[in-house]
Amino acid sequence: MPKDQNLDIARKQDHIEINLTKNVESTLKSGFESIQFIHNALPEINYDIIDTSTTFLGKYLQAPILISSMTGGTARARDINYRLAQVAQKAGIAMGLGSMRVLLTKPDTITTFAIRHIAPDIPLLANIGAVQLNYGVTPKECQYLVDVVKADALILHLNVLQELTQPEGNRNWENLLPRIQELVNYLSVPVVVKEVGYGLSKKVAESLIKVGVEVLDIAGSGGTSWSQVEAYRATNSLQNRIASSFISWGIPTLDSLKMVREVSGNIAIIASGGLKSGIDGAKAIRMGASIFGLAGQLLKAADISENLVSEEIQLIIEQLKITMICTGSRTLKDLAKAEIRL
């Protein structure tokens with residue numbers, strides 16, 4: 001196996017292990033802790049008619065939840081993705097795949113990403129780093145990634161800080177926006193642009209919307225700090241110190257959501273980054289998100305069993321439903337107008 005392929009696989013293995021065994025939380029908070037719903041002691045609603053359903057990428061969701069992109073490319077990642085997909089199908093929620101760049105150089109890793117046979121009905125998102133468009137990945141190859149997993153959209157993740165704190169990371173982020181526009185015009189499915197834990201600003205959101213991006217995943221600060229993950233991967237003290245110095249970097253998720261909401265118009269917004277519960281998810285919906293994404297606690301559960309993933313998703317959905325009835329919200333549209341105290 002060529003050296004760069006070995007490095008890709010080793011990096012993916014490192015990322016799973018570090019996320020499961022180390023504290024890689026940002027020191028920033030997501031911001032949702034500052035929002036309090038006004039409790040409705042007399043909601044006049046039957047719990048049995050609470051409707052958490054919505055549509056995303058033209059498909060029906062039983063709840064406004066995305067299992068955010070995590071992993072792929074290794075045997076352990078395959079098991080994790082299979083468990084996540086099984087639960088996503090049963091729960092009627094969306095799922096993103098981990099970065100699929102390795103698939104372009106190591107085609108036999110397809111089994112670690114191919115979950116459509118397990119989850120035939122869900123919105124499924126393929127995924128590659130946006131900066132790879134500056135390093136030879138073509139629109140045709142991106143379409144291949146979509147086709148090979150039968151995805152409904154392609155995530156381009158923006159991970160500039162992570163790349164810059166990786167010894168082997170990509171450094172050239174120049175003229176990337178025109179390449180994103182070229183890809184948007186080429187692909188047969190929508191492009192989702194996603195941060196990885198540092199948030200999207202109003203200015204960046206405007207730029208992406210202008211070139212035709214249809215979905216933004218703000219992925220703000222408050223959850224996993226990928227610079228901290230890279231600090232654990234560092235091979236010398238200087239690399240560790242550089243990466244560790246950015247543990248409080250980024251735009252908190254709530255702030256990013258507010259910024260992006262100002263310019264989003266009718267495009268879909270995914271709120272992720274430090275959301276821990278269905279209550280946080282409800283707050284995200286209230287503040288303008290279309291759906292919300294979670295990863296960290298689901299990764300830990302999926303590394304063990306499908307049952308633990310299922311229990312975690314059931315917990316999140318039940319928290320969402322109880323929040324809805326306690327705010328007098330029969331539907332997600334009602335929830336988006338619920339009374340809050342900031």
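One-based numbering along the chain as shown.
Every residue, even glycine, has its Cβ placed from backbone N, Cα and C.
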Exercise. Need a hand: Swiss-Prot gives Ser68, Ser69, Met70, Thr71, Ser99, Asn127, Lys194, Gly274, Leu275, Lys276, Ala295, Gly296 for FMN, which of Thr224, Thr235, Thr327, Thr331 is also on that list?
Worked result: Thr224
Problem set entry | Met100 (substrate binding site) and Met70 (FMN binding site), Cα-Cα, nearest whole angstrom | 11
Exercise. Including all protein chains displayed, how many Cβ atoms other than that of Lys276 (FMN binding site) lie within 10 Å of its Cβ?
Worked result: 17
For this session: Based on Cα distances to Glu163 (Mg(2+) binding site), point out the closest of the binding-site residues Arg11, Ser68, Lys276.
Result: Arg11
Exercise. Given the binding-site residues Met70, Met100, which one has the fewest other C-beta atoms within 10 angstroms of its C-beta?
Worked result: Met70
Exercise. Quick one: largest C-alpha distance among Arg11, Lys12, Ser99, Met100, Arg101, Gln162, binding substrate per the record, in angstrom?
Worked result: 17
Exercise. Where the record says Ser68, Ser69, Met70, Thr71, Ser99, Asn127, Lys194, Thr224, Gly274, Leu275, Lys276, Ala295, Gly296 bind FMN, what is the longest distance in Å from one Cα to another among those residues?
Worked result: 23
